[in-house]
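Report on one structure; see the data block that follows.
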Amino acid sequence: MLSKSTRLLRRCFQTDVDVIVIGGGHAGCESAAAAARCGSNTVLVTQNKNTIGEMSCNPSFGGIGKGHLIREVDALDGLCARICDKSAITYQALNRAQGPAVLGLRAQIDRKLYKTQMQNEINSTKRLEILEGEVAELLVENGKIVGIRMMNETVIRTKCVVITTGTFLRAQIYQGMKTWPAGRIGEKSSDRLSESFLKHGFELGRLRTGTPPRLMKDSINFSKFERVAPDRTPIPFSFLTKNVWISYEDQLPTYLGHTNDEVCRIGNENMHENYQVASETTSPRYCPSLESKLLRFPKLHHRLFLEHEGLDSPHIYPQGMSLTFKPEVQTQLLRAIPGLENVEIFQPGYGVQYDFVNPKQLKRTLETRKVEGMFLAGQINGTTGYEEAAAQGVVAGINASARAQNEPGMEVSRTEGYIGVLIDDLTSLGTNEPYRMLTSRAEFRLYLRPDNADIRLTELGRRHNAISDNRWAIFTETKGELNNLTQRTEEMKMSMVKWKRIIPKLAATSRNDGKVLSAFDLIHRYDLDKSDLELCLKDKNIGEDILERLKIEGRYQMEHERMKAKKQEIDRESATAIPDNTDFSTMRGMSLECIEKLERARPRNLAAATRISGITPEAIVVLMRHLKNPAPVRSSAV
């Protein structure tokens, strides 16, 4: 009897495969689902179908900047937000006091439940097949991808390929001074694909990351840690989720603790037996290992959070304690922390080094510049984190489908979304360290908020066939209600004296008695609630969520007006391309330092050039003058 994989291979020869996605991680799942959703016959190739949707490191989604990405993936009808809302066990939003613009949606996730829900979603997606196996070679003819060759020599022809191999390219795991080839504990690395990239002239780099040990829950004395309660009013990730599936009482707390002098002593005494310390490969700046923390701040105490890995899981994840020491040293370190004196380790922490492709070799659609029809997404592009991977995955999947169907690709500008900021930073400036999304990277973060991600991106996704009819119906209804309420509240105007007669809570307000204000002004200035608005409009059918969105829009309205001119300027700069063969050394009036930085960064457009550290306004003026009246460019002849 034929195996499912063999039967699928035979079907692949008889029917067209529009898109092949290599890798079943967060980028791969989003990419495969998006391509299929857009109407392309899609095959997801993975070494093991049982690891699809695996949360390789932390049991959480979201955070500052990252929560914005999840909302934007959801606005493009991606999967991860909805799956998180079906598997979250603790909601703890960050930055609530700093305002809606930088609110960090975050939740602890049940690993097992998330993976099960994701696999169910992938398996039920129309036009999407799963194939188990390892890809040995990318088949390219005349600069265009035409298929893949599997390790068993089977060839599958296709129009487009999306590569989402995560940390598996020529990957090596290490603990202490011991190293061995693997992309994840117990899973082999993908070496042949790296060779295929090099064969086709791609520039590869090397990065590293790590993961903490997993601890046995029943060996921990939680009473010595500070209990951190979940949010009483959790905020869902998806616009389609009205209420989260788990009650406040059933959510699990996290626990806060700190390292101490003894941890510092043990760590510093064992640094000489740590491969990571000896290695020159760059590690994540914003998710450092304990070794990196001790090297930079040898005398400081560092925070750690104990996080549950699932509702019924016996394991605890120590957030902030990524370790690559040998296992016995990890045990010694952990047992020096109060509450962990008797801790047992289920799985020691480890580090992993892997190849990545310089993302400056990509277009803004995430298609490679060297090979037509080849798209890259996720950690292969130098990023770190589930959310960054998912964001790239949904864009790559939409654009691979568009390419396969000879339709225009979708680009998100940095003025439209954090996805645009992410992709623009990668493709324009590249990266020499694992890239993490931060709100500080976005120039228009007061506009690029989690609450309005659907308003910003869902119509764009619909134009590229990425939005289901169900989501579109919900979105158009929401947008219509918001526009209607905005218009009604803007048109209803009267003096503050009259408003005080209608809304009792305004009676104590002494200012602006003679000033004419609209109901829209009052909502965000005086934080009116649903009952207040009902008094204004004599309407009891106003939804709490629509009112909250209206308040936020009002809060940032003046800033939006001020930003319009700047947004237009950045859009113009982004559209001003800098040719690949531009010779910056011929530009008169530019300092040698700026020339060297421009030569090294090779920005793709004027907007990217302005973001290079050390590039002066004078240098930008010279560059703009050159782009209008270009001097002779550097010869590309060999």
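Each Cβ is built from the backbone N, Cα and C atoms, and glycine gets one as well.
Marked as FAD binding site by Swiss-Prot on the basis of similarity to another entry: G23, G24, G25, H26, A27, G28. Counting every protein chain shown, the Cβ of A27 (FAD binding site) has 34 other Cβ atoms within 10 Å.
Cβ neighbours within 10 Å of H26 (FAD binding site), excluding its own Cβ and spanning all shown chains: 31. Compute the center of the Cβ atoms of G23, G24, G25, H26, A27, G28, which mark the site for FAD; besides them, the chain residues with Cβ within 8 Å of that center are V21, C29, E30, S31, T46, I52, T164, G166, G378, A389, G393.
G24 (FAD binding site) is surrounded by 27 other CB atoms, counting those within 10 A of its CB over all protein chains shown.
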